[in-house]
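Annotation comment: TrEMBL describes 75-95, 157-175, 187-205, 225-249, 270-293, 329-346, 358-382, 388-405 as transmembrane segment.
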Amino acid sequence: MQLLLFPPLKALMGSPCLRLLLPRAAPRTQCGCRCGIGHPLRPGQYSTISEVGLQSGRGRVSLPSKAAERVVGRWLLVCSGTVAGAVILGGVTRLTESGLSMVDWHLIKEMKPPTSQEEWEAEFQKYQQFPEFKILNHDMTLSEFKFIWYMEYSHRMWGRIVGLAYILPAAYFWRKGWLNRGLKGRVLALCGLVCFQGLLGWYMVKSGLEEKPDSHDIPRVSQYRLAAHLGSALVLYCASLWTSLSLLLPQHKLPETRQLLWLRRFAHGTTGLVFVTALSGAFVAGLDAGLVYNSFPKMGESWIPEDLLTFSPLLKNVFENPTTVQFDHRILGITSVTAITVLYFLSRRIPLPRRTKIAAATLLALAYTQVGLGISTLLMYVPTPLAATHQSGSLALLSVALWLMNELRRVPK
């Protein structure tokens, strides 16, 4: 384990990517002596991030400075990007039906992929014992199996990278004293959620490996567990991005008018609606609901399909009927883009900073782009590249909605 982790970590600590997280040193002027004398610094400003800790005289500070906050903010921004990559890669894995190719879960052992023909054949034989091969892929070749195996392997390894991206820097910043009490609580929660994600991912995969003698349906993971896995990933992404934006972007001192209060509340509600719409996509993917009623705006020949409420009890249709799941996703998508349009025009009636106006306009443009991608994906029977772009668009839409919320947040007194 040491041989696997220590050399990459040592290289990472000296890499240009990590140095980008650190504030640049203040320029120095040369004097007659051998050492350089730095320009005088304003209060609260440090020439290098290492000097943040030196100001206390003991190598650490009890509260983070502005420079340390910027470092933590950039770190969490990178972390949110890794989570977004995991969500996108997970969506592609689901679209290519690769998620059930790895039938075991080992934190360390599975990091090494098969290298010899014998190892690949042994892995393939394990896969052949489970329902997906017996019912759906009984004529699959070894080369085809390698493709879906590497897709799932990439998703799992990316998840481990996400875990390291959170836990190792968190421990470093904690030791340096760059996290105040509030940030410590948030960072602990984020690291705990990362670990929970890994366990929840295996719990989801396990549901697709179970034998179901009374069912002749295509083996797939539980849509409930898939929604839980995606939902927790979205919570992790939103929490990381929100904290990052709060640390990096200076707050606007907006006048607290009634119009601004209503705009702020409407922005919060709209962001919540975007989140629920993205989450409903997990049920669409889990039930392959995008492959029914591939027409728009009507579903087949009618606005409301006849099999919308065929399951009993009625509530079961919302989560298990593919027709109802697609119908709900359509309604949520239309409602979201309508709310975003209203939010944009409300924002134009209030004098707002330029950056806030850009956020509102970007949100509107992304919303209509996302609708176009969703309709195209449906009409073309869910091609993988287009469907993956549509799933990525939901993350982009959620990101800009959070950005706008952050722009409108109340300045503490």
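Glycine is treated like the rest: Cβ placed from N, Cα and C.
Fair warning: this is a prediction, and the values are worked out from it, not measured in the lab.
Long-range contacts of the transmembrane segment (329-346) within the same chain, counting only residues at least 6 positions beyond its ends with a Cβ under 8 Å from a Cβ of the stretch, are 262-263, 266-267, 269-270, 273-274, 276-277, 280-281, 283-284, 289, 299, 360-361, 363-364, 367-368, 370-371, 374, 401, 404. Ranking 157-175, 225-249, 270-293, 358-382, 388-405 by CB pairs under 8 A with the transmembrane segment (75-95) puts 225-249 at the top. Long-range contacts of the transmembrane segment (358-382) within its own chain (CB-CB distance under 8 A, at least 6 residues past either end) are made by residues 95, 290-291, 294-296, 333-334, 336-337, 340-341, 343-344, 347-348, 352, 389-390, 393-394, 396-397, 400-401, 403-404, 407. Remote same-chain partners of the transmembrane segment (225-249), defined as residues 6 or more beyond its termini with a Cβ less than 8 Å from a stretch Cβ, comprise 69-70, 72-74, 76-77, 79-80, 83-84, 86-87, 90, 94, 183, 186, 189-190, 193-194, 196-197, 200-201, 203-204, 207, 275, 278-279, 281-283, 285-286, 355, 395, 398-399, 402-403, 405-407, 409.
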